[in-house]
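Participant: The structure that follows is given in the form of structure tokens.
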Amino acid sequence: MENQTSGTEFVLLGLTRDPLLQSPLFTVILITYLIILLGNMVIMMVIRTDLHLHSPMYIVLFHLALVDICYATAVVPKMLVNFLVKGSISIAVNACMTQMFFISLSAGCEVFMLSVMAYDRYVAICNPLKYQEAMSKHFCYQLVGSAWAMGLSYSVLNTIPVLNIQFCGHTEIKHFTCKLPPLLSAACSATFLSKLTLFSAVIFGSSSFLLILISYIYIIATVLKIQSAEGRHKAFCTCISHFIAVGLLCITALFQYTKPKSVSSIILDQVLSTQYSILSPMLNPIIYSLKNKDLKPTLGRILKKLQ
């Protein structure tokens, strides 16, 4: 504790220090980031351009694409810089806290935005005659605003307690980003409040996942009651994209924060973090566009105009 200090910088261990792996990983992560930016920006442009897509489902999808861009941008640029640096990778405390704030904001918004999409699908399938009334644009914007507000609250709740934590000199963060769990493991002072905050974050995420799960229980029950195979297939197709996105993000994130210590390791934590902070933002535009009969024609018309 004699070496205890408020700290001026941290040392990020990154994904790897192996020179043979750094260049290939830099190329892969850079291409992935460009796909994230291009794919999500295309989704946003298509929805913004076509007035027929200004419906609640696509309004939420627009904001989900924006959140994915924010999420990846909070993580990837620093990773790319780290791959180009030989030796120790330092990051200022203020920069680390800023990165943690935006990662938490993006993660919180993503989870609650998926909850809004689940509710939208629930109303569309279980109460189709009341869909226009129940999911008006005004109410949809309220739900989207609430998702952003919940994400901001989650981020502030995570960040403020960490500002009062003291860290040891030459503090190493065994991760490629400044996330709350690695920061807590590197702290010298008591972190009870921050651990309590981390537990509340698990409650936030679990509550959102529970809402999604309840929505899909009702959806599946309603779909099974449809007599025609064509009707069941059509109803199922309206949910499959969202179901895959939820599986990729929520299940991985929940496992990350609730797994027992006996299966914890630095490599496993980094693999899971890479999945839901980089791969999910890359795959979401592909998932939603390939299975969407409205987005593909609009995108085709836009591409023809650009030729």
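We count from 1, first residue shown onward.
Positions of Cβ are set from backbone N, Cα and C atoms, glycine also.
Pasting the feature list from TrEMBL:
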| type | residues | note |
| --- | --- | --- |
| DOMAIN | 39-288 | domain 'G-protein coupled receptors family 1 profile' |
| TRANSMEM | 25-47 | transmembrane segment |
| TRANSMEM | 59-80 | transmembrane segment |
| TRANSMEM | 100-119 | transmembrane segment |
| TRANSMEM | 139-157 | transmembrane segment |
| TRANSMEM | 199-224 | transmembrane segment |
| TRANSMEM | 236-257 | transmembrane segment |
Participant: How about long-range neighbours of the transmembrane segment (139-157): same chain, 6 or more residues beyond its ends, C-beta under 8 Å?
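Facilitator: Residues packing against the transmembrane segment (139-157) from afar: 56, 59-60, 63, 67, 101-102, 104-113, 115-116, 119-120, 197, 200-201, 204.
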Participant: In terms of Cβ proximity under 8 Å, which residues at least six beyond the ends of the transmembrane segment (25-47) contact it?
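Facilitator: For the transmembrane segment (25-47), the list is 15-16, 53-54, 58-59, 61-62, 65-66, 68-69, 72, 76-77, 79-80, 83-84, 278-279, 281-282, 284-286, 288-289, 295, 298-299, 302.
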Participant: Residues of the same chain, at least six outside the transmembrane segment (199-224), with any C-beta under 8 angstroms of its C-beta?
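Facilitator: Here the qualifying positions are 104, 108, 111-112, 114-115, 118-119, 121-122, 125-126, 150, 154, 157-158, 180, 232, 235-236, 239, 243, 246, 250, 253-254, 257-258.
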